[in-house]
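Taken straight from Swiss-Prot:
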type	residues	note
DOMAIN	3-145	domain 'Clp R'
REGION	6-71	region 'Repeat 1'
REGION	85-145	region 'Repeat 2'
REGION	158-339	region 'NBD1'
BINDING	205, 206, 207, 208, 209, 210, 211, 212	ATP 1 binding site
REGION	340-549	region 'Linker'
COILED	390-524	coiled coil
REGION	559-771	region 'NBD2'
BINDING	609, 610, 611, 612, 613, 614, 615, 616	ATP 2 binding site
REGION	772-869	region 'C-terminal'
């Protein structure tokens, strides 16, 4: 017995047989041990052949085990188990060797062991009974005319079934979603497949536009016989490249598997069309030192027309992999797959609607499909239709399905209240005082009411769930009947088709309508129901908001109030700049109402004015008002962009330079947060060429980064701040704080000298910030002191400053050319520093209030006024 003349599977079975003999304490390796091991091998050919012959494999395995248990086990020291092969087991191998010669093979394989067992082993004979000829036929079919010329022949058996999936068969079984549209691309593919040579289309398009769907559409047309006569008998197999490569341990094993697949395709005489998704993976697949890659193995068959192949890949990967190999490229014919428009996407969604309704058990409104197509097109800019719209609908359905599976909020709250009262009741039962008894009586009354409420709600929820389950069941029956109708029409079973089309399906549709009408009448409007089972445009809007951070869902009352009073909220933080605040808040209101220009940013403003008057503060307060956090503001300090080449930091370093993979500071920030406030601070400090990059942002709301990706700025507010013309403003502003027309012209002249006209012309508004007046200073003092009190609150201390002291602080710190910043420093020196010294020296207890007054010498006095007990 030469173990080197056996395949790896047989060698492994013999090794397992030795281990079985050791477990049963047998000195000899019995025939049952070998056959049991062969049956339990992973991916066992022995087992798979018997299963296909409808033999009870589990019972056969138990019979082998029972037979092994009848052999006498040997106990003792230094006994070596499984060292010798029994006479019957030896006969098994000898007979298998004779079958190897009969089949003209080079190695003993699993099918030889099976044939040998059918002749020699009584247990196997008993279970196989009269199926010997059936098994011989299955072995012949599995081998497919191949000879065992390697130690791993199983990879060559039924290679297509192992490494691919039959799309036509999946269509027949109703496992595939319908393909809507794409008629021109499918026709193009059919034309190319009908050629004599080079009949290999490759579908090229962006990810998510429906390349795979075109092949699925072709498979569906083949089933419906809606193809030219030359394609009627064809079947489409999708090749799984990852399965082909996975587990190829030995050199040449990958090539052997691929050759087996190609041999099956070739021997089908053109009946099999091979579909390879991500076909660029073929280039270089399986390439090791001196080995041939998969792409080169395909070329001869592709050129001769022996292999019908459909490829699919993206534009970038086609350019990167396929175009480099011109010999491979010329063997394929390109079919461009463009992104469908919104109208086509809505049609696709309407076609898929029923499938998603049946799968999720929900009802999808048509306006939800329209919203999915429109909102995904407008807001999800880094992906492609129809994929992103289908994803939105699927996610919204899953959200509603999850809600349907759990208790409604109202019932959940009652359940928790009942549980809380029951715990309280059990605690009070142990008390004997009158107060506890009184409380127990009150509590039991409340508990009885809550339980009654709970029972009513539970009954209502279960009633709704039952009705929804009936609706789901009826929809599933209707879907199955429609699938059965398609099968009957395809198989020309006209009697069954007529029965389904004119009897079963209309009856099911009528029953479904009645169920829906009853449900509607009993439960009232959707809003009155405990359980939602309808997907509306609101759910779609919520999902878009979750994915992008852009608020596209309907305005709730709290947000409505917030938007209407946005200017008031901003005025509280930004003092004395009414025009600027109103312009910015108006832009936000227009955007949220949905009437802004959809192809431009929400607003783009240039704030001009002296330092410290609130230009940056307005941008910060806007971010805080819209997003409840200043962190959502993208702040770019333009003083860092003084050199001409610094523009690459905004959009990313060009290819070949360090940092190319990291992306740009501006583009990456906006890609992550498409709905944000962008503050370009101190723009006049930057190099003038840096502004050229802003032209596309301000005009069309987009910017292309260094990797060629288009970044969407349509949902951003762009605020630029500058000190240009601040000297003119300081010198010429009226005492009332108004800016004269001549002053405005002088500032614009300074501005035109610095900025190019095309930049200024693209901005929504140029806002002049007036210098702060004395009145403004007193309001800013209040604001600074409020912030100080918030910080002191952590230590349970508060400070109260008299009106005289506030007025004095405002007057003393008033410097028009420097704005509010000197006031901050002055408050630090006059109040914060003395207060800090007092706190460290005296250590105020919690609840202390410190009163600050102005004395006759114009000095501030600090008094510890009261202590709360």
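Backbone N, Cα and C atoms are what each Cβ position is placed from, and that goes for glycine too.
Here the features listed in Swiss-Prot are painted onto the structure.
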| residue | record | DSSP (3 states) |
| --- | --- | --- |
| 205 | ATP 1 binding site | coil |
| 210 | ATP 1 binding site | coil |
| 611 | ATP 2 binding site | coil |
Across the coiled coil (390-524), the model's average pLDDT, rounded to a whole number, is 76
Around the recorded ATP 1 site (205, 206, 207, 208, 209, 210, 211, 212), other residues with Cβ within 8 Å of the Cβ centre, ordered by sequence, are 213, 314, 337, 339, 384, 387
Here the Cα-Cα span from residue 205 (ATP 1 binding site) to residue 611 (ATP 2 binding site), rounded to a whole number of angstrom, reaches 52
One should report the C-alpha separation between residue 206 (ATP 1 binding site) and residue 610 (ATP 2 binding site), rounded to whole angstrom, as 50
Top of the binding-site residues 211, 615 by count of other CB atoms within 10 A is 615
Neighbour count check, CB within 10 A, over binding-site residues 209, 613; minimum at 209
Candidates 610, 614, 615 (binding-site residues); nearest Cα to residue 210 (ATP 1 binding site) turns out to be 615
Residue counts for the region 'Repeat 2' (85-145) under DSSP, helix then strand then coil, are 46 helix, 2 strand, 13 coil
Cβ atoms other than its own within 10 Å of the Cβ of residue 208 (ATP 1 binding site), all chains, total 17
Residues in the region 'Repeat 1' (6-71) per DSSP class, helix first, strand next, coil last, are 47 helix, 3 strand, 16 coil
Taking all protein chains shown into account, the Cβ-based neighbour count within 10 Å for residue 206 (ATP 1 binding site) is 17
Residues near residue 616 (ATP 2 binding site) by Cβ (under 8 Å) yet at least 6 apart in sequence within the same chain, in sequence order, are 679, 681, 721
